[in-house]
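Working notes, beginning with the structure itself.
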Amino acid sequence: MDQKLLTDFRSELLDSRFGAKAISTIAESKRFPLHEMRDDVAFQIINDELYLDGNARQNLATFCQTWDDENVHKLMDLSINKNWIDKEEYPQSAAIDLRCVNMVADLWHAPAPKNGQAVGTNTIGSSEACMLGGMAMKWRWRKRMEAAGKPTDKPNLVCGPVQICWHKFARYWDVELREIPMRPGQLFMDPKRMIEACDENTIGVVPTFGVTYTGNYEFPQPLHDALDKFQADTGIDIDMHIDAASGGFLAPFVAPDIVWDFRLPRVKSISASGHKFGLAPLGCGWVIWRDEEALPQELVFNVDYLGGQIGTFAINFSRPAGQVIAQYYEFLRLGREGYTKVQNASYQVAAYLADEIAKLGPYEFICTGRPDEGIPAVCFKLKEGEDPGYTLYDLSERLRLRGWQVPAFTLGGEATDIVVMRIMCRRGFEMDFAELLLEDYKASLKYLSDHPKLQGIAQQNSFKHT
């Protein structure tokens, strides 16, 4: 063998990863790489780059879970090569999926299914779940209008301040979005303004059970009752879809007396994120329909796939089964008792933060993390007319220097002059961690007080997460 080749081969085998030739070059970013490299070197390059990401546990902007126990990691690893859509090849994974649908339907008080299987599906997240719920609303409305001999070219959807997925739905499926705007003193959809926006072309009303801007619940029952009166007055029957991305896995455990789900007859479908307060890893959502009549069969496809026949009503197709299996693990592991304990712990942290932050500045609280008002979030603004010598953007920027990602942002609609700060409390953000946040909060306030000339420059660099 050529001596140079032998030397190169020996080096490739024996060099440490930090002595390897490949690690002394800049990782390719614009062209497909020409040559291979050792697996440990490729891993080291990527692993090192990921250190530049923020610390997920300190991300108090996200609604998504940032802590999973080791058994979830094991189950995800076991399922990484199982395709969720291949029901025939992975029948037990498919059975677990159906069990989860039944469990979620039971949690949300869906009527007992005629054939023993609840109507619903797992999704990649609550956004896909919203899309599916919206599609079913449009199809049901169109069928009613066609039966009455009326035009179907101008559908509209009525909602309050919603997550961007509903704007996408409206654009993709050619539906007019009648979003009731936020305004000072009225940050949610109220019955009066909702009714003013409704007509016979309204495919449905979508309350958000856990508004992303503030964390408060947009309570469905008053809206539902107003729609009952609207039907009595006009004869127009309007369905509801509940976007319970966050609240769907909270209220059943910590505020069961809130009537928001299928106990309301107009509620035909509900969507939620498994990977938010459902405690599943990222990539899990759920949508449940009241019954088979609520899901138009035109949306259900029976397709041949790798030798099998499956019925599917999802937008995404191939994806790993691990998220569903991990969700089932959480359901089995915790049950109602365990979920109640975990969610109550998050609310206790939120209440503690709200009480302590109230002592530190001239703040007006929009959400204090109480189970009867919303999700475990703390949202506040500076009191009108008060000038503490800093903005919430300044405070957000200072906290970020310590690794805390706490968003400051303006509200939407007619309330864009209101700047708020929002802190999300989730599993894994325990009381001791909250105390560390408060220490850094106080240190940030002291710095801003000592350096007034540096204030006011943070707004352009601040981030939001709504």
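Cβ coordinates are placed from backbone N, Cα and C, and glycine is handled just like the others.
Straight from Swiss-Prot, the features:
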- Thr62, Asn83: substrate binding site (BINDING)
- Ser126, Ser127, Thr212, His275: pyridoxal 5'-phosphate binding site (BINDING)
- Lys276: N6-(pyridoxal phosphate)lysine (MOD_RES)
_List every residue in the same chain as Ser126 (pyridoxal 5'-phosphate binding site), at least 6 positions away in sequence, whose Cβ is under 8 Å from its Cβ._
Gln163, Cys165, Asp243, Ala245, Ser271, Ala272, Ser273, Lys276, Gly285
*To the nearest whole angstrom, what is the C-alpha distance linking Asn83 (substrate binding site) and His275 (pyridoxal 5'-phosphate binding site)?*
19
*Near Ser127 (pyridoxal 5'-phosphate binding site), which residues of its own chain have a C-beta under 8 A away, given they sit six or more steps off in sequence?*
Gln163, Cys165, Lys168, Gly285
*For His275 (pyridoxal 5'-phosphate binding site), the number of other Cβ atoms found within 10 Å of its own Cβ*: 24
_Between Thr62 (substrate binding site) and His275 (pyridoxal 5'-phosphate binding site): CA-CA distance (Å)_ = 11
*Please report how many Å separate the Cα atom of Thr212 (pyridoxal 5'-phosphate binding site) from that of Thr62 (substrate binding site), as a whole number.*
10
*Please work out which residue of Thr62, Asn83, Thr212 has the most C-beta neighbours within 10 angstroms of its C-beta, and give that one of the binding-site residues.*
Thr212
*Environment of Ser126, Ser127, Thr212, His275, the listed pyridoxal 5'-phosphate site - residues of the same chain whose CB lies within 8 A of the CB centroid*: Phe63, Cys64, Gly125, Ala129, Cys130, Gln163, Cys165, Ala245, Ser246, Ser273, Lys276, Gly285
_Based on the record's binding annotation for pyridoxal 5'-phosphate (Ser126, Ser127, Thr212, His275), what whole-number value in Å is the widest Cα to Cα distance?_
15
*For Ser126 (pyridoxal 5'-phosphate binding site), which DSSP three-state class applies?*
helix
*Asn83 (substrate binding site) in three-state DSSP notation*: strand
